[in-house]
Structure formats: structure tokens, C-alpha cells
Amino acid sequence: MYLIEILKSIFFGIVEGITEWLPISSTGHLILAEEFIQYQNQNEAFMSMFNVVIQLGAILAVMVIYFNKLNPFKPTKDKQEVRKTWRLWLKVLIATLPLLGVFKFDDWFDTHFHNMVSVALMLIIYGVAFIYLEKRNKARAIEPSVTELDKLPYTTAFYIGLFQVLALLPGTSRSGATIVGGLLNGTSRSVVTEFTFYLGIPVMFGASALKIFKFVKAGELLSFGQLFLLLVAMGVAFAVSMVAIRFLTSYVKKHDFTLFGKYRIVLGSVLLLYSFVRLFV
């Protein structure tokens, strides 16, 4: 029986690893997955913490892939490269500031929007936004004003960070929200995609620390079995993220986000239909 639980962890890790970086909402897909696949004898407190902390596996992949670029202490970097790295971290910090003011409301958002209908609506809304922005930019022949991450202005970093706040709504997608913000502000797909990867580092570590704190504060303790299931899911999320990040980085160099927009609309519509049918079954 415990083997089945491990297989579930592997499945959740695969879902997290793919959907955390593709702009299709990891939280939304995990909510959907839990509708049909659930751990046995695990309470709501554990699952709430699990759905957030599993993201640490995904963010570790970013730190591994971009370690050289993110590490200001690399011996082979000259002074100019070191300053460039610190400027990148400053931009990440600036973009994270808007979230600090709303983190305390995460429980409220979970209580009121952690459901399939809300997820479906957010999937559709941002799917439409992706398609609209891509069509608008093509119709107007709008060329991105920021094509290199080094030249991303601090004000633009903050502007993109404002869109991260919208990701508190399940189904939005943190990467999806920041990509929309970047496209609206004239940032190229490649730059906003890479910057989105980096933004996940403080956000996911902060969100995980907050969830663990609340979990412990509520008097909950992780059993060995729960810890093992969580670590398995994180490990799988890390491995799958290594592939997903490289895929998306390559994909956006030649394609736009229209395909992801269409996927979101189709999935959101299916979830709305499912929610409607479930009312009468």
C-alpha cells in the first residue's frame, strides 16, 4: 500500500516540475490532481504545506542550471561580472518587494479561492491575456524594448514584481503573471522568462518557510512517512524541472506564448464544465 503512496508522490513531483515553469499554473494543476489522486490518511494541514514546500525541488533546479550566473563569488569572475551579478540580485530583490506586503493574506486567498471554479477562471483569463498580447504585438509590429537581462531597468523589475502579487490567486501561475507583466512593459520573451526563473528563488523559499512555520505553529509534526513522501516529490520535481526549464528557455527563442494561452483556455473550460456537472451528480 505504501508503494502506491510513493507513486503518488512521484506523480505530484512530475506535475510540479512541469507546471511550475511553464506558464500554466502549478497550484492549479496540483489542485486538479488532488481531485482525483489523494494521499491516504493525510490531513488538510499537511497537504496545504506539501503543495507549497514541494516547490523547493523545482527552484533548486534553477539554482543548479544558473549557478554560475547567480554566484557573485565565482573566482573566475572579474569585477565587472561580479557587479553585474549583484545588480541582478538587486533587481530580483526589488521585484520581490510587492509580495512582502501581501504574504500575510495567503491564508485568506487559500480559503476563498482554493477551489476548482476559481482555478478554471484564472486559467481562462490569463490564457486570453497571452493570446491577446501576442496578437497585439504582432499586429502593431511592436519590438521589445528590453532584449538583454543586464539592461532590464530597476523600474521594470519592480513592475514585473507587481504582477507576482496576482499569482496569489490559484490558477493564475506565478510565471504566467510575470510574463504578462513583462510583455506589457516591452520586455522580450527570453528576458522575462529567465527573470521569472530567478524571481522564484526568494518567493518559493519565503513561501515554504511561511507554510512550515504555520504548520508547526498549529501543533503539527511531520511523521517520517510524511517527510519521505515530501522528499520524493521534491526530488522528482527537481529532476523534471531541469528538463522543463531548458525546454521553455529554448522554446521562447522561436515561439510565442499563444500555445500556452490556448491550453489554459481549453483546460479552464473543461474544469468549469466538470464543476458544473458535479453539482448535479
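Cβ from N, Cα, C; glycine included.
What Swiss-Prot records for this protein:
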TRANSMEM  4-24  transmembrane segment
TRANSMEM  45-65  transmembrane segment
TRANSMEM  89-109  transmembrane segment
TRANSMEM  113-133  transmembrane segment
TRANSMEM  152-172  transmembrane segment
TRANSMEM  190-210  transmembrane segment
TRANSMEM  225-245  transmembrane segment
TRANSMEM  257-277  transmembrane segment
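Highest Cβ pair count under 8 Å relative to the transmembrane segment (257-277), across stretches 45-65, 113-133, 152-172: 113-133. Long-range contacts of the transmembrane segment (225-245) within the same chain: residues 2, 5-6, 8-10, 12-14, 16-18, 20-22, 39, 42, 46, 50, 53-58, 60-62, 64-65, 197, each at least 6 residues beyond the stretch ends and with a Cβ under 8 Å from a Cβ of the stretch. Below 8 A, the CB atoms of the transmembrane segment (190-210) and the transmembrane segment (113-133) form no more than two pairs separated by six or more positions in the chain, fewer than 3 in all. Through the fold, the transmembrane segment (45-65) approaches residues 12-13, 16-17, 20-21, 26-27, 30-31, 34, 39, 110, 197-198, 200-201, 204-205, 207-208, 211-212, 214-215, 218, 220, 222, 226, 229-230, 233-239, 241-242, 245-246 of its own chain, all at least 6 residues removed from its boundaries and within a Cβ separation under 8 Å.
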